[in-house]
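Asker: This is the structure I have questions about; it appears just below.
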Amino acid sequence: MARWIPTKRQKYGVAIYNYNASQDVELSLQIGDTVHILEMYEGWYRGYTLQNKSKKGIFPETYIHLKEATVEDLGQHETVIPGELPLVQELTSTLREWAVIWRKLYVNNKLTLFRQLQQMTYSLIEWRSQILSGTLPKDELAELKKKVTAKIDHGNRMLGLDLVVRDDNGNILDPDETSTIALFKAHEVASKRIEEKIQEEKSILQNLDLRGQSIFSTIHTYGLYVNFKNFVCNIGEDAELFMALYDPDQSTFISENYLIRWGSNGMPKEIEKLNNLQAVFTDLSSMDLIRPRVSLVCQIVRVGHMELKEGKKHTCGLRRPFGVAVMDITDIIHGKVDDEEKQHFIPFQQIAMETYIRQRQLIMSPLITSHVIGENEPLTSVLNKVIAAKEVNHKGQGLWVSLKLLPGDLTQVQKNFSHLVDRSTAIARKMGFPEIILPGDVRNDIYVTLIHGEFDKGKKKTPKNVEVTMSVHDEEGKLLEKAIHPGAGYEGISEYKSVVYYQVKQPCWYETVKVSIAIEEVTRCHIRFTFRHRSSQETRDKSERAFGVAFVKLMNPDGTTLQDGRHDLVVYKGDNKKMEDAKFYLTLPGTKMEMEEKELQASKNLVTFTPSKDSTKDSFQIATLICSTKLTQNVDLLGLLNWRSNSQNIKHNLKKLMEVDGGEIVKFLQDTLDALFNIMMEMSDSETYDFLVFDALVFIISLIGDIKFQHFNPVLETYIYKHFSATLAYVKLSKVLNFYVANADDSSKTELLFAALKALKYLFRFIIQSRVLYLRFYGQSKDGDEFNNSIRQLFLAFNMLMDRPLEEAVKIKGAALKYLPSIINDVKLVFDPVELSVLFCKFIQSIPDNQLVRQKLNCMTKIVESTLFRQSECREVLLPLLTDQLSGQLDDNSNKPDHEASSQLLSNILEVLDRKDVGATAVHIQLIMERLLRRINRTVIGMNRQSPHIGSFVACMIALLQQMDDSHYSHYISTFKTRQDIIDFLMETFIMFKDLIGKNVYAKDWMVMNMTQNRVFLRAINQFAEVLTRFFMDQASFELQLWNNYFHLAVAFLTHESLQLETFSQAKRNKIVKKYGDMRKEIGFRIRDMWYNLGPHKIKFIPSMVGPILEVTLTPEVELRKATIPIFFDMMQCEFNFSGNGNFHMFENELITKLDQEVEGGRGDEQYKVLLEKLLLEHCRKHKYLSSSGEVFALLVSSLLENLLDYRTIIMQDESKENRMSCTVNVLNFYKEKKREDIYIRYLYKLRDLHRDCENYTEAAYTLLLHAELLQWSDKPCVPHLLQKDSYYVYTQQELKEKLYQEIISYFDKGKMWEKAIKLSKELAETYESKVFDYEGLGNLLKKRASFYENIIKAMRPQPEYFAVGYYGQGFPSFLRNKIFIYRGKEYERREDFSLRLLTQFPNAEKMTSTTPPGEDIKSSPKQYMQCFTVKPVMSLPPSYKDKPVPEQILNYYRANEVQQFRYSRPFRKGEKDPDNEFATMWIERTTYTTAYTFPGILKWFEVKQISTEEISPLENAIETMELTNERISNCVQQHAWDRSLSVHPLSMLLSGIVDPAVMGGFSNYEKAFFTEKYLQEHPEDQEKVELLKRLIALQMPLLTEGIRIHGEKLTEQLKPLHERLSSCFRELKEKVEKHYGVITLPPNLTERKQSRTGSIVLPYIMSSTLRRLSITSVTSSVVSTSSNSSDNAPSRPGSDGSILEPLLERRASSGARVEDLSLREENSENRISKFKRKDWSLSKSQVIAEKAPEPDLMSPTRKAQRPKSLQLMDNRLSPFHGSSPPQSTPLSPPPLTPKATRTLSSPSLQTDGIAATPVPPPPPPKSKPYEGSQRNSTELAPPLPVRREAKAPPPPPPKARKSGIPTSEPGSQ
């Protein structure tokens, strides 16, 4: 037999399809699940998913993609570590975590966050794929890593997940390998970085002006990206477009041009540039970004003929001005607009012509045509006019571009925006240097601008069309190829031809080009300008020769470069070839300035070649701007560099160096420094230059400290270590420095000294490097100890300086403290580190106390940051000083201590001591512990939790505690001199720890920091616990408060939110457990041990420690619970033994109180309840004396927990207020039994609030009444627990009770329970009248009571219906299961609405269609079955109302209120069926339900506590029916007699239903069934009942007579036929009845109308028993023959409704002997009339007045038009899910009433003591819980486990079309 083989290589994989397990042995997989594979066998793997390691199973091999992994501890306990990059693993786990949250966001409809997360997730997935591809270069991978980590961190913050701390390379920090301080700083940095990123994104989203924002403060260089889309303009010739940035306020161009050559065909000249015309204008500084206005301008130059329409014979290739296009881009530059996709239209303005027609005659010849005049205006002039104009008439012509501002220099832009900027992108540089000059940026650009000229027209009648040709030549006259660049985007050209203006004497060009030549060529080169007239005729143009030449040299004779600015050039004319001979004309002056100088010298050259008069008339002006990193225009700098050739000017040049522009100096940094040190060394004889060179060096170092030149720091460093070679410079430099410091009191030297101190770091680098070079060449022996002495001397000078009074040289002192530590790392290379440490100690000590405190602390911080402090022997010297200074600071109570600087210093010390490479640290830790631990603690205790420094101090404390080992702890305790000192320290520490645990110093998302704190605290707590046990355990030394604080601290730690693993995601939980374990268990076990160690002291902690221990036991960790729950038994036992009372009441009360608080706060679960009960019972049963009382208590607590858990579940999860009420009452019940009034009252008010929210004012009143009943009408003070938080401010019980009564009366009034309100107001009135004598209050109360009386009679008060609801099946919770409840419906609520409301609470419940009690099969079913039907309340009238004519409005209250019994009747058949008269065998089964409490009460439902059933015989049923009918007729007649305004329709329907045999039939059934000899022979005992029935039939006649009479009086035309029919039928009926059953007359007093005192009619309700008693029978007896002689062919009906059973019998003729069930579906319109007959068959015969609910349908307007046969008067009791219309009642039309017959019940009577006499009611059924529902087939047994078949093949993977799809058919899952 084959077997499973352990895998060797296949250890780790990912599911690539979903797999649904079909057997228990299989493991379900979802796509993406990672699996650890343990074994394999024939195409199957066995293992588990890494998300749930506890469940192992098998799964098909083909569903898994294997991945590389490292296996640790191979074998039974092996673990797999994926072999992917750590970043990929982080990405994977992040995506898994986000995916879960992403789904939740969608479910919770948080769509904005959902979409944000979706985009971030897509980005991460894409980047993960790129990383996994392995194709990225190293630098791109590093860049992508930054993007990935930034995105993860941002997403985590957005989702409220934990902050991930990383090192500089983006790798996650391991807290075990990182110091606490470094960890804290990393959290701060990460938090700040994410916050800045979020703010940056917000700013972009909100389109904020980003100037001044952090993004601009960190970036100094920008670029503007321009993407040229199209140029729409009808030129007809080629064109050149010059785009540049322009400042309209200063009328200057900011950048060089970007050139686009546009063809005459409307496309780029180079077709490859189509859709690829883009440029970046670089080097923009932050100053450029805040210019008030910036424009993007485009100048268009036409290249072709002089005139547009000229033909072939005309000259072509001329550059002619055409127009401009301008766009204001200020918003884009300022960052307000940022959309690289948006295309901007820049309107084109052609040069205007009309404006020049006027001027033509004045300045031009009349021969000129007008169309070219406008073209002579300079483009820059047009440009400014367009900018000034509000709008341009562009006629649809213009440019289309898109723009984007890019932060960073060119290199950064190419890296960060590679999708925009590539190799083909043109780079247009700024005409000037960027804000920050980079050392590697070699640039040699000379910008030349042709400004204007003036040329004599000579022999021509019109001015010339001058074209300037510009070229670059060397001194030999040789042309430099491609040296001129008209614009970026194209290579250089050799000659540049200017724009030609037509016949203009003084043309203005303003054309700028860039001359770019090699630096070494600059000294030899010059620029030549040739002037030529261009003719529009091609033949003439060819013959035109250059008429003039001008030139300018790029270097001045003194070696400086041509100065920036304007230059007036001399235009030389002549026809000889000397004009082209550079050797010749270079001897001439190039500029007017040179000429003036030469004229003074009267040179010989001027004699041989003197310009003619014409040449002096011509002028030409240019402007130059040089942007060169290698050329200087500064004479002084050049003089310094060439100092040897002009040594007499050294002093002058050194002084002038300070005035040279920094940009010039950094260009020649190395040369300048070489010159300085050469001067110092070569001129060593004289000290004259030493100070000047020193000052110059300081100036240069300071210059490089400027932000503009900060990137030259590496250049300076490189110079010092690679090029600097002055071996003796240290002597001179240190001498000068010493002199300056020693003479600090010389005010003339103050600024020089201050500058020197700022440059101290680099000064000393020069000094030390010089000394190193010296030692390398000469060794130590030459100068003895001279150098060391100079260092000592320097420190001595500093010490003297620091010791001077503060007001003197405070600036210098501050600078010394700030900059002196910067020399440490260099000096220690050539100076003894220990001595250096001593020197620094003396330096610090020389500063007077309380002076420059912050500067001093910062100085010490820098000392600690230096490498000096990392040497153990140096620390021996420095640390005592540092701890002294710190302890002085932290102890300083008089002045405000500098917490920021102190924490910085302390954290740096501790961070160094935590390093592995700094030697032994134990002694140093001990020193810090002894001197600073207590001070740190006290600082933390005294510091505000909102202080910005609290986090740093706590980190220092954690770091120190972490670095202390066990011996440190022991030693520290031994340093305390007295026992009290130890107590004080422990007290402080415990209180501080507890405070820090309770109020988190660090943000919740600083998970690593918080867990590090927890781990350190746990160790410290355990260490201090040992101290407690050692010093404070025995009877003499026991410290109660200390132990108490320990326990409370330990519990606070254990219950801290950061340790509650259950609340975290699985991923986070695994992370924490793997790194830190479950710390709760460790501290929990320690708490247990410490408790048991207390011995006889335990009693001192009862009951105070019950709550904390309860918190521990409630922690959802099974082992911890098992370990700590027995402490409860120990407490019980302890109190039982030591209290002297032989009980544990203190413990019991405290546990109940705390349990209530904790469970309500969300703690505890079902498992806890079971475990608590089990463990307590186990321990109690073993105890000799606690076995019985302990067992009772254990069960009691278990019961309480069950109620509280139910309550919490409903409150937290169920939206149904009813279910919340139910659980609240359950808890109330418990606390009432336990006499815990404090908690009881608290829950009363919770219930009150729930009722108030639901507008259940009656129930709210009854709830408050329970509180009022606990109070007395006395002046006893109110104990606190009797008052609630929202209660009134009162002092005595009487005051509180009065306030409560007023509120209760108000609620009763709102709930229309005026009878109850009257009762309470009487009690309150008595108090007002005879106790407190508040007559004013009494008057108001009586007025209110009067209104209640009035409301009872006049106000409409609908009666609620009552419903019985049975919950059957095991699917319901235990407190509902197989129980019946009676519900009080809301106003106008029908049964259909009610049942629907219930079913929404229990969606899984199945409606039962039967009203029969279900069988055992239903009750034991795992499903939920619900039975719902209407029941009728049994009225219980007060004795004072019996046998009295009580008004209907008063009785109505008792019909539906103050009831506790309810009835439901169901017909069934008994005996043999009589085909002629089924009525004789139809019986009624009447069920009476008695509830636990009277309605209304504190709930709208109560459980049925007793059910009794009786059977009503057909004869008794007939009697009841007749009595009810007679009551209805009587009262309907009375109402119509007394109130003529009532509608006659209900009376018509009632009468026709009784007297018209065609509608209802007659009483033939009664006659057939009961009025026969046979019946009386068989039932002689019924003789009296038969007589009674006959009398009731006879009694109906006088009532009908009165009814017919009133009907006739209120007759309308429409009703006449009906009335005639009624009268006819009634005459026949009356004649027959009087003949057989006698004549009965009613006394007149029954129909008298009584006036109330106010004149209103009081309508008495007359019962059928009263009618019988008071009626007079004139025919004493009637004999009814057995032959049913009253049938008269048509059956006659004896009652208002006839028999209830008649319709049933007609429909059920074929049914069996007993009707077992009346289905809900059988009720239809035919049996609705039986409602009249089903109204509560069950009234006691002893009652004179019985309860009957009004029948609303008789008066409802919706029923008026219906035929009598379909009267909607049926009782709901036979139709559980079809209710009647709600009852209605108005003062003007009281509803017709049908009292119940008097009949004795067979059921036992129930007590109805009212709410005060009964316990608090149990809960109503709450909504079912999800887990309590079950499927229909859940009763089936689970199928047996599959047997492994050897040959079973694994299922094939699903088709690969969609990996995410779930396979529809899988062999493996069948």
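Residue numbers in this text run from 1 along the chain shown.
Note: Cβ is positioned from N, Cα and C throughout, glycine not excepted.
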Asker: Out of Ser1513, Ser1756, Ser1803, report back the residue that Swiss-Prot marks as phosphoserine.
Answerer: Ser1756
Asker: For the candidates Lys553, Lys818, Lys1174, I need the one that Swiss-Prot annotates as N6-acetyllysine.
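Answerer: Residue annotated N6-acetyllysine in Swiss-Prot: Lys818.
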Asker: Look up Thr1115, Thr1814 in Swiss-Prot and give me whichever carries the note phosphothreonine.
Answerer: Thr1814
Asker: Write down the single range among 455-478, 1679-1702 that appears in Swiss-Prot as region 'Disordered'.
Answerer: 1679-1702
Asker: Among Thr1786, Thr1794, find the residue to which Swiss-Prot assigns the annotation phosphothreonine.
Answerer: Thr1794
Asker: Which three-state DSSP class does Lys818 (N6-acetyllysine) fall into?
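Answerer: It is helical.
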Asker: Could you pull the average pLDDT for the domain 'C2 DOCK-type' (443-627)?
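Answerer: Computed over the domain 'C2 DOCK-type' (443-627), the mean pLDDT is 86 on the 0 to 100 scale.
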Asker: Taking the Cβ of Lys818 (N6-acetyllysine) as reference, which residues of that chain separated by at least 6 in sequence fall under 8 Å from it?
Answerer: Leu757, Gln855, Asn858, Cys859
